[in-house]
Amino acid sequence: MTVMEHTKAASIDLTKHGLRNVKEVVRNPSYEMLFAEETRADLEGYEKGVVTELGAVAVDTGIFTGRSPKDKYIVKDATTEEHMWWTTPAVPNDNKPITQEVWNDLKQLVTNQLSGKRVFVIDGYCGANPDTRLSIRVITEVAWQAHFVKNMFIRPTEEELASFEPDFVVMNGAKCTNQKWKEHGLNSENFTVFNLTERMQLIGGTWYGGEMKKGMFAMMNYFLPLKGIASMHCSANMGKEGDVAIFFGLSGTGKTTLSTDPKRALIGDDEHGWDDDGVFNFEGGCYAKTIKLSKEAEPDIYNAIRRDALLENVTVRNDGSINFDDGSKTENTRVSYPIHHIENIVKPVSKGGHANKVIFLSADAFGVLPPVSKLTPEQTKYHFLSGFTAKLAGTERGITEPTPTFSACFGAAFLTLHPTKYAEVLVKRMEEAGAEAYLVNTGWNGSGKRISIQDTRGIIDAILDGSIEEAPTKHVPIFNLEVPTSLPGVDPTILDPRDTYVDPLQWESKAQDLAQRFINNFAKYTDNAEGQSLVAAGPQLD
């Protein structure tokens with residue numbers, strides 16, 4: 001075996017991970033080498049990258065253009081049995097158990113796939129705080145997957161690599177599938193499986209890069225809260241005075257747009273922890289959606305798409321130009337890039353002090369939630385556990401039916417402990433820091449129109465500069481929320497949602513409908529004392 005070192009670090013032994021007769025190990029290659037490797041003329045199929053006119057390489061991830069939660073499994077053993085939030089028929093989630101025996105078969109499959117090959121090894125960190133980060137090793141035979149990992153995790157220094165020992169190993173065998181899946185009782189021939197005793201993730205059948213990123217997020221979501229550290233699906237930024245704000249929100253609520261603010265430096269756009277020192281990014285890069293991307297609307301992201309960025313599933317024309325409007329392959333077109341491709345970031349390390357503002361973003365398509373409400377600690381836990389947003393289904397003009405989504409902690413797909421654990425740790429951190437929480441509706445109101453981005457930005461500014469604290473408030477019934485009656489730069493007629501309806505009874509009827517959905521959804525958290533105690537903080541129907 002030869003080890004092609006692109007660092008001064010000592011060579012590595014992959015036999016301890018189960019690999020045999022590896023032809024060559026390419027460890028932590030430079031971006032230049034990855035560019036050459038992923039665009040080689042002899043590559044075929046999903047391995048081959050195409051150079052675009054922006055300088056970034058574009059790849060196709062095959063039939064999987066998003067994560068495959070139905071193919072996610074975790075070994076149930078002495079390590080995980082007690083703390084893991086296992087799926088149940090009553091409250092299904094993505095944490096499905098498998099036995100050690102099934103794991104052994106899948107590990108054999110993946111190690112057979114990677115043995116005897118030339119492999120790329122990327123060593124990096126998940127977590128910007130050295131005390132609590134996970135040292136991650138990813139092994140793959142596909143150059144662009146190594147590139148994705150280099151972009152998304154925190155890149156070690158030469159010195160750190162010299163003594164690098166992985167806490168967690170990801171073996172990506174995208175080219176192999178499990179023909180015994182029925183015998184194993186699995187969902188399909190594809191798999192992404194975790195063993196927390198062996199501290200390893202195995203991937204087979206899917207080429208989608210996000211499985212590696214979100215896999216490690218799920219692991220941080222397991223290990224950190226058990227140490228009293230908040231693990232959060234949120235964006236974070238910092239003001240000129242060092243004040244930190246965090247933004248929770250599901251897809252389409254404005255998390256990236258509102259945290260990318262010329263007046264504030266970005267800490268990170270997706271995954272963060274909060275420990276005794278403050279808020280820190282888990283990642284060394286960003287993974288942004290590119291569907292309908294334009295330079296005018298999102299200049300920061302557009303300008304980040306250059307050499308070293310990696311595009312996924314976009315349409316590249318013969319001349320190398322990109323059609324960002326084309327969603328024929330998937331609406332989930334993406335780009336990964338190292339965080340330093342964004343100009344206004346917190347440097348040299350993506351971390352800040354304790355957050356003093358926590359913002360829950362919800363796009364309410366029912367049109368009944370206030371544009372902004374200040375939350376009590378109990379309401380903070382309630383709305384964090386609810387993780388509500390709603391989309392308008394249908395593309396016709398006129399009336400469409402709102403579809404509610406409740407995703408615990410604004411990221412249920414990535415939770416590995418019971419949701420109440422995350423709420424408990426977050427609120428404890430907030431109380432220690434004296435942080436305030438706000439629920440911000442970036443969706444609709446009684447006018448039938450979406451709340452304008454100008455008004456929403458005005459609301460966010462009022463939260464961040466503290467002027468919302470000086471505003472007079474009033475009580476909005478049913479949702480049991482306190483709302484300001486005026487804010488600088490915000491249309492005062494929208495602040496009480498009842499005022500946006502010609503007939504206030506129409507608001508009441510819709511509000512009761514949504515309140516009942518909140519109540520029905522929250523019932524699943526009342527299986528413990530913590531959840532039961534929060535019911536009074538949510539919507540109330542007489």
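For all residues, glycine too, the Cβ spot is worked out from N, Cα and C.
According to Swiss-Prot, the protein has these features:
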BINDING   Arg67, Tyr208, Lys214, Arg334  substrate binding site
BINDING   Lys214, His233, 249-257, Glu298, Arg334, 450-451, Thr456  ATP binding site
BINDING   Lys214, His233, Asp270  Mn(2+) binding site
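In sequence order, Gly209, Gly210, Tyr287, Ala288, Lys289, Thr290, Leu311, Glu312, Asn313 make up the list of same-chain residues 6 or more apart from Arg334 (substrate binding site) whose Cβ falls under 8 Å from its Cβ. For His233 (Mn(2+) binding site), none of the binding-site residues have C-alpha atoms inside a 10 Å radius of its own C-alpha, out of Arg67, Thr253, Thr257, Ile451.
In the three-state DSSP reading, Lys255 (ATP binding site) counts as helix. Within its own chain, Lys255 (ATP binding site) has Cys234, Ser235, Phe247, Phe248, Gly249, Asp269, Leu361 as residues 6 or more apart in sequence whose C-beta sits under 8 angstroms from its own. The secondary structure of His233 (Mn(2+) binding site), as reduced to three states from DSSP, is extended strand. Distance noted between the C-alpha atoms of Ile451 (ATP binding site) and Lys214 (substrate binding site) is 31 Å. Separation of the C-alpha atoms of Thr257 (ATP binding site) and Lys214 (substrate binding site): 21 Å, rounded to the nearest whole number. A helical conformation is recorded for Lys214 (substrate binding site) in the three-state DSSP classification. Considering only the residues assigned to substrate binding, Arg67, Tyr208, Lys214, Arg334, the longest pairwise Cα distance works out to 14 Å. Within 8 Å of the Cβ centroid of the Mn(2+) site, not counting the listed residues Lys214, His233, Asp270, the chain contributes Lys213, Phe217, Glu271, Gly411, Phe414. Other than the site residues Arg67, Tyr208, Lys214, Arg334, same-chain residues with C-beta atoms no more than 8 angstroms from the centre of those residues' C-beta atoms, the substrate site, are Gly66, Gly209, Gly210, Glu211, Lys213, Tyr287, Asn332. Ranking the binding-site residues Ser251, Thr253, Asp270 by Cα distance from Lys214 (substrate binding site) puts Asp270 first.
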